[in-house]
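Listed in Swiss-Prot for this protein:
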- GLY13, GLY14, GLY15, HIS16, ALA17, GLY18: FAD binding site (BINDING)
- 273-287: NAD(+) binding site (BINDING)
Amino acid sequence: MQYHEQFDVIVVGGGHAGTEAATAAARMGLNTLLLTHNIDTLGHMSCNPAIGGIGKGHLVKEVDALGGIMARATDLAGIQFRTLNSSKGPAVRATRAQADRLLYKAVVRQMLENYPNLKIFQQACDDLIMDGDRVAGVVTQSGIRISGKTVVLTVGTFLNGLIHIGMENYKGGRAGDPPSIALAQRLREMPLRIDRLKTGTPPRIDARSVDLSVMQAQYGDDPRPVFSFIGDASQHPRQVPCYVTHTNERTHDVIRNNLDRSPMYAGVIEGIGPRYCPSIEDKITRFADKTAHQIFVEPEGLTTHELYPNGISTSLPFDVQVQIVRSIRGFENAHITRPGYAIEYDFFDPRDLKANMESKYIGNLFFAGQINGTTGYEEAAAQGLMAGLNAGLRAQDKDPWHPRRDQAYMGVMIDDLSTLGTREPYRMFTSRAEYRLLLREDNADLRLTAIGRELGLVDDERWGKFNIKMEQVELERQRMRSTWIHPQHPSLEAVNALVNTPLTREQNLEELLRRPEVTYDALMAIEGVGPALSDHAAADQVEIQIKYAGYIERQYDEVEKQLRNENTLLPLDMNYRDVNGLSNEVIAKLNDAKPETIGQASRISGITPAAISILLVHLKKHGLLRKTA
């Protein structure tokens with residue numbers, strides 16, 4: 001049966017990657033279909049009810065700067081907001097929000113159902129329609145054939161998903177949802193490298209059975225940070241605290257005594273789990289010297305009693321989970337509402353993707369999210385936006401676009417995945433970026449919104465607010481350069497009280513703000529110096545640009561040097577055995593990875609600077625020197 005309409009972009013899967021992919025394509029004015037096995041689970045938070053964190057918050061801000069929905073949904077559903085690393089430099093400060101799980105899902109669904117150019121259809125995807133070596137649509141579980149110029153796969157943990165609780169296991173995409181078996185089998189028939197990964201989740205607990213009074217309360221920040229560049233704290237619902245408790249030696253003894261009943265340690269689970277979000281079994285084994293591990297007790301929402309004990313993800317049998325939970329301070333009488341579990345699933349080697357998220361081997365087919373070996377809502381959302389954007393560009397026969405490593409954490413992640421691949425669930429950290437000072441949360445809009453506008457991702461409302469902010473920043477910087485404090489200034493005494501070294505010569509406000517001990521707010525509070533900008537985001541931007549100007553300039557110089565050969569193209573059909581002077585090891589690695597550019601090649605383990613020089617000589621000699629735009 002043929003579906004009555006053809007689409008420019010078909011997105012398979014309605015999680016965090018799929019919703020961003022579908023809305024990105026729709027914002028570009030393209031006829032877009034979001035295909036999901038269950039409309040009621042659109043935007044569902046399968047794991048912890050939180051958005052952001054170090055590295056992750058940066059990705060959310062970048063998604064928002066390009067018009068994405070995650071930050072706005074979080075502002076409407078966030079029940080606790082904090083800035084992490086607030087005492088450190090601006091490069092590593094990160095926003096994190098606790099979200100009401102049900103409210104977040106409802107907000108996302110409402111956004112999707114009212115999105116221009118976007119249709120939603122409830123059917124599982126079982127097959128792809130092929131036209132030679134290109135995809136031309138999808139086939140649903142009930143045999144409906146839907147034609148599309150491009151297809152984006154954002155299927156999360158559903159491909160051959162296998163859920164483990166102790167020695168028992170059953171097929172599932174996540175708890176309560178069926179797996180995708182037919183599509184997984186179809187993809188295994190294609191020329192794609194495939195492997196298995198694992199992730200897990202803790203048991204959920206009824207708050208009425210917990211003694212929160214013996215735990216440490218953790219409140220949100222005041223004033224509250226806002227996630228979206230066009231958001232406001234007034235949008236936030238009622239705010240609530242989280243709580244902190246710890247495991248203890250009794251907890252650890254229970255786990256050690258039951259490791260033989262763990263599917264991970266009994267060899268039942270083959271997939272590799274996330275290094276930076278390990279199960280409690282892993283923690284006890286890997287950090288045997290630790291007598292306690294922190295547990296963040298997170299409310300699931302404002303209308304439920306369920307708690308999410310972040311830090312005790314487990315796949316041990318249910319009876320052991322009860323013992324573990326009840327050994328923890330405050331949980332002595334805890335009632336578990338849902339058992340914890342581990343899930344194994346198929347993922348595809350992201351080295352088989354171009355930097356625009358398109359398969360190197362199957363034209364018009366794009367991948368985003370956990371199918372690429374990543375973990376986390378934020379990583380999925382960022383990939384989804386890039387895949388949806390580039391699927392939209394492909395549908396219009398336009399050139400692809402992706403950010404470089406110096407432009408966005410998105411660029412860092414995509415380059416890491418497509419160049420180096422991953423053997424374990426990939427998670428974003430600020431430490432993965434070489435140019436952290438350029439890739440701050442606060443300047444994500446400065447870096448990306450103008451580009452997003454050109455690509456058709458940024459609407460008039462966001463563009464207007466962005467330009468107002470930019471004008472405020474520029475005018476304030478001009479004012480600070482042209483406002484001078486001289487030794488006879490009536491406010492000299494107040495200025496000298498602010499600085500470590502009193503003024504002996506005339507200085508403008510910009511010079512004063514460069515001093516480490518001076519803040520923008522304190523300087524503006526001096527009579528005759530202000531008024532301060534009323535927009536706190538614009539004021540922060542002024543302060544950071546002035547205080548860190550020298551460091552920022554140095555990073556731009558480093559970027560300029562690095563870019564000289566970064567974008568030199570390497571033909572995808574190039575046989576590196578034909579390049580004289582390369583070692584067998586280098587030839588094997590380059591033929592395996594098939595890098596798109598010299599920059600990608602240079603980041604492959606074992607590819608030496610000498611090998612890069614040989615490649616450049618070969619390209620020049622054969623008239624193959626080309627650069628990306």
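Including glycine, each Cβ sits where the backbone N, Cα and C put it.
Swiss-Prot feature annotations superimposed on the structure.
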{"residue": "GLY13", "record": "FAD binding site", "Cβ contacts under 8 Å, 6 or more apart": "LEU35, THR36, LEU153, THR154, VAL155, GLY156, PHE158, GLY369"}
{"residue": "GLY14", "record": "FAD binding site", "Cβ contacts under 8 Å, 6 or more apart": "ALA22, LEU34, THR36, ASN38, ILE39, THR41, LEU42, GLY43, LEU112, ILE120"}
{"residue": "GLY15", "record": "FAD binding site", "Cβ contacts under 8 Å, 6 or more apart": "GLY43, HIS44, SER46, THR154, GLY156, GLY369, ALA380"}
{"residue": "HIS16", "record": "FAD binding site", "Cβ contacts under 8 Å, 6 or more apart": "GLY43, MET70, GLY369, TYR377, GLU378, ALA380, ALA381, GLY384"}
{"residue": "ALA17", "record": "FAD binding site", "Cβ contacts under 8 Å, 6 or more apart": "THR154, GLY156, ALA368, GLY369, GLN370, ALA380, ALA381, GLN383, GLY384, ALA387"}
{"residue": "GLY18", "record": "FAD binding site", "Cβ contacts under 8 Å, 6 or more apart": "VAL11, VAL12, LEU34, THR36, VAL152, THR154, ALA368, GLY369, GLY384"}
{"residue": "GLU281", "record": "NAD(+) binding site", "Cβ contacts under 8 Å, 6 or more apart": "ILE255, LEU259, SER262, MET264, TYR265, THR314, SER315, LEU316"}
{"residue": "LYS283", "record": "NAD(+) binding site", "Cβ contacts under 8 Å, 6 or more apart": "LYS290, HIS293"}
{"residue": "THR285", "record": "NAD(+) binding site", "Cβ contacts under 8 Å, 6 or more apart": "LEU259, TYR265"}
{"residue": "PHE287", "record": "NAD(+) binding site", "Cβ contacts under 8 Å, 6 or more apart": "HIS293"}
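Long-range C-beta contacts of GLY273 (NAD(+) binding site), restricted to its own chain and to partners at least six residues apart, with a cutoff below 8 Å, comprise LEU197, LYS198, THR199, GLY200, MET264, SER279, ASP282, ALA342, GLU424, PRO425.
On its own chain, ARG275 (NAD(+) binding site) has GLU424, PRO425, ARG427 as residues at least 6 apart in sequence with a Cβ closer than 8 Å to its own Cβ. Excluding GLY13, GLY14, GLY15, HIS16, ALA17, GLY18, which define the FAD site, the same chain contributes VAL11, THR19, GLU20, ALA21, THR154, VAL155, GLY156, GLY369, ALA380, GLY384 within 8 Å (Cβ to the Cβ centroid), listed in sequence order.
Within 10 Å of the C-beta of SER279 (NAD(+) binding site) there are 25 other C-beta atoms, taking all protein chains into account. For CYS277 (NAD(+) binding site), the number of other Cβ atoms no farther than 10 Å from its own Cβ, over all displayed protein chains, is 19.
DSSP gives SER279 (NAD(+) binding site) a coil state; it is part of no helix or strand.
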